[in-house]
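Trainee: Have a look at the structure that comes next, please.
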Amino acid sequence: SAPVSSSARLPVPALNITDSNGTQALNASAKFVATPEGTALAYGSLVFMALLPIFFGALRSVTCSKSKVRRLERLTLQLRYNASDMPETITGRDAARFPIIASCTLFGLYLFFKVFSQEYINLLLSVYFFGLGVLALSHTMSPLMSRIFPDSFSNKQYQLLFTQGAEETKEEIVNYEFDTKNLVCLLISSVVGVWYLLKKHWIANNLFGLAFALNGVELLHLNNVSTGCILILSLCLQVFGTNVMVTVAKSFEAPIKLVFPQDLLERGLEASNFAMLGLGDIVIPGIFIALLLRFDVSLKKNSRTYFYSSFLAYIFGLGLTIFIMHTFKHAQPALLYLVPACVGFPVIVALIKGELTEMFR
């Protein structure tokens, strides 16, 4: 996806004004000219929000990876484990196929919005993302809740179990274990979900978007650096020269993007002229940055050189995207700038340290 400004300072053929629900308002007379302060606040906030899920998602991916090793060790002893809690590992074959699948899915959504009523599609998607958002936000909040609740809190354990078949052929369909703290997280997330479903408020959208991005960075694991390079470089080529992503991102009334109003200083929380950043511009580089953090940990040198270099590269790439967008007054595919930066900086560091072979092993 591309960072897009809905401010009418940009040419109308390139970008449309959006109202508070994200629907298009094509009346050019309703243009809003963002102030420099409002623009700086909007894009500064987007950059900050993009960095949060990458940083904390990468840290949590290390914990998740260690948990995977412990579960595999228990698997050897017990010959069973709950696979639903395991991170999804992306192999080289998956990385090669992913751009094709993503292109077909994206183009299919593009055609849907061209052929069918946008209102009914967004209604269906809102209900779908309500369920996903509640679960994602609950999972994101869970570690924080564990720290907030005192040790004296009565934390009861529960298990939701569905099976099919008789005693000898009984097969587990769902086996979900949770506790009282998880229920509190689920309740709070449901309140946010209802708020989003009824009001489509940009704050509720961002809470779900941040949760989706953090969970993606945490749970989607690349198996090696070569796979990561194949994945993000192919996606970089995919977004070049097409307006399909921008069209879909602007048409979707779903938390697949982070938004921040450029007229916040003038209209407060009811502001409606948004700048936005697609979650793909966060998650795709984010899973590569998380991989480099796990590579740093595997070196056992008590250093986070590759993680910090790629993290700084992401900041540089996103800043360059915003600069070029305002220079040429047109929405930009952020991956076109983020991918070379996030790959190039760590590779240069590896060349300097003489660890390039070890990195791609």
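Glycine too: its Cβ is placed from the backbone N, Cα and C atoms.
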Trainee: Of the residue ranges 96-117, 272-293, which one carries the transmembrane segment annotation in TrEMBL?
Mentor: 272-293
Trainee: Do any residues, 6 or more residues outside the transmembrane segment (305-328), come within under 8 Å Cβ-to-Cβ of it, and if so which ones?
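Mentor: Hits for the transmembrane segment (305-328): 3, 5, 39, 43, 47, 50-51, 54-55, 58, 281, 285, 288-289, 292-293, 295-296, 334, 336-342, 344-346, 349-350, 353, 359.
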